[in-house]
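Notes to accompany the following structure.
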């Protein structure tokens, strides 16, 4: 399967002056949402709204404090997932959102949003995928006894952490390291890698070929045509 990284409707990729509108989805503290917000001044995207499935989440209070438009409703308020995502989609279109960045959003994205934003939904995960997908990735890594873990930025598909990998960064686990300490170090790595990767995705021409992100600028210049950080 070959698919473009952006649609013709959005002119594929922005001019140097235009910043791409991004919605951030989060369910908890929102540390990655805050990192993307802080980075936007030096990036080619701008965070235009927060979407949350937990109206009482700390990230919602933070977004309110910084003046970021918010859509925060529980899926339980809707008859089904399709109705919930249709309401989210209406909000995204009202804000001209071109890309979605998941930042600790604890729900599987459904067909309504996947079809509206093909290969334009991005997620960050605290492991070197395909190892340790899903919940409790840090605990999974420690229990398995690996010496190296890391973070992955990937495009979102219908599975759980199964979409094409865009970038990864590795981190060595210290002997006897506690899960809390490792998670904190992984968060710091995420906060550096995620803004940089999202900046490239929204602005630089690329295609998704099977499971590979092909950067067209690198191909034209004779460089590597592989996705990665």
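Using N, Cα and C of the backbone, Cβ positions are placed for all residues, glycine too.
Remember, TrEMBL labels are computer predictions, not curated facts.
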Listed alongside 81, 106, 107, 108, 109 for (6R)-10-formyltetrahydrofolate in TrEMBL, from 32, 123, is 123
In this predicted model, the domain 'Formyl transferase N-terminal' (22-198) has a mean pLDDT of 98
Note: among binding-site residues 31, 32, 123, least Cβ-dense neighbourhood at 10 Å is 31
For residue 125 (active site, proton donor), the spatially nearest of the binding-site residues 32, 108, 109, using Cα atoms, is 32
One should report the C-alpha separation between residue 32 (N(1)-(5-phospho-beta-D-ribosyl)glycinamide binding site) and residue 123 ((6R)-10-formyltetrahydrofolate binding site), rounded to whole angstrom, as 10
